[in-house]
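**Student:** Okay, these came from Swiss-Prot:
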- 9-16, 22-23, ARG61, 88-91, LYS99, 115-116, 184-185: substrate binding site (BINDING)
- HIS10: active site, tele-phosphohistidine intermediate (ACT_SITE)
- GLU88: active site, proton donor/acceptor (ACT_SITE)
- HIS183: site 'Transition state stabilizer' (SITE)
Amino acid sequence: MVYKLVLIRHGESTWNKENKFTGWTDVDLSEKGVQEAHEAGKRLLKAGFTFDIAYTSVLKRAIRTLWILLEELNLYWIPVSRQWRLNERMYGSLQGLNKSETAAKYGEDQVLIWRRSYDIPPPALEESDERYPGNDPRYAKLDKSDLPKTECLKDTVERFLPLWNDTIAPTIKSGQKVLIAAHGNSIRALVKYLDNIADDKIVSMDIPTGIPLVYELDENLKPIKHYYLADESELNAAIQAVANQGKAK
């Protein structure tokens, strides 16, 4: 039995466009991001994909990306599960700061550590900060211990895995075709887990916006292969654009 799982990072957001650390800030798609999502849906349709259920975060840039995909696929009717555990990594007090300006101030190496290291989080938010999730009604029912003030990728992996193990993996094994529309770091968390990527190797992995990533999994949900629905030159350009975000100008 071969299962297919499709992952997609949301299309470009307004803060991606402005090169800002976004994290749990609920910004929308840019005009380019909307176009990326429509193109991704068309690619999935052309490649013959269909889905029984979709998972996304509780942040509008991922939700809107999913809506557009389902529109292109004529699958508005399938169940959609919005899960806070699929949220982007919480960037703490960096949220809202321009990445290039932060790199110029603290150095590219420090920003790379904050953005891409596995176990070093950025500076944390205070609970009194309006950016703290405890001040957002969408998280009102969560235990306070689940609300991050900052996260490294290790924290994001640990936050995501219960959702994978308890909900998404059993759904895939039941034979349902699953689509996940999420964020760069929540997808990196899953990719790291699926491919068993070493902590020091995941640092250099970039997930492009708006390009479907297909995993073919065996009966134990171990990867057989994975591929993007994009040609090599387009994919490389998209990945490089993400990699350049943390560099000083």
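Keep in mind that glycine also has a Cβ here, set from the backbone N, Cα and C atoms.
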**Student:** Near HIS10 (active site, tele-phosphohistidine intermediate) in space, meaning Cα within 10 angstroms, which of the recorded positions do we find among GLY23, ARG89, LYS99, HIS183?
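**Tutor:** Of GLY23, ARG89, LYS99, HIS183, within range: HIS183.
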**Student:** For the binding-site residues GLY23, GLY184, which Cβ has the most other Cβ atoms within 10 Å, all shown protein chains included?
**Tutor:** GLY23
**Student:** Counting every protein chain present, what is the number of Cβ atoms, excluding its own, within 10 Å of the Cβ of ARG9 (substrate binding site)?
**Tutor:** 31
**Student:** Helix, strand or coil: which one is ARG9 (substrate binding site) in, per DSSP?
**Tutor:** strand
**Student:** Among the recorded positions listed here, HIS10, ARG89, whose Cβ has the fewest other Cβ atoms inside 10 Å?
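**Tutor:** Among the recorded positions HIS10, ARG89, the sparsest Cβ neighbourhood within 10 Å belongs to ARG89.
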**Student:** Can you check what DSSP calls TRP15 (substrate binding site), collapsed to helix, strand or coil?
**Tutor:** helix
**Student:** GLU12 (substrate binding site) to HIS183 (site 'Transition state stabilizer'): how many Å between their Cα atoms?
**Tutor:** 10
**Student:** May I ask which residues of the same chain, at least 6 positions away in sequence, place their Cβ under 8 angstroms from the Cβ of GLU88 (active site, proton donor/acceptor)?
**Tutor:** THR22, GLY23, TRP24, SER57, LEU59, ALA182, HIS183, GLY184, ASN185, SER186
**Student:** Which secondary structure state does DSSP assign to HIS183 (site 'Transition state stabilizer'), in the simple three-class scheme?
**Tutor:** coil
**Student:** What kind of secondary structure is ARG89 (substrate binding site) part of, going by DSSP in three states?
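**Tutor:** For ARG89 (substrate binding site) - judged by DSSP and reduced to three states - the answer is coil.
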**Student:** Look up GLY23 (substrate binding site) in the DSSP assignment and report helix, strand or coil.
**Tutor:** coil
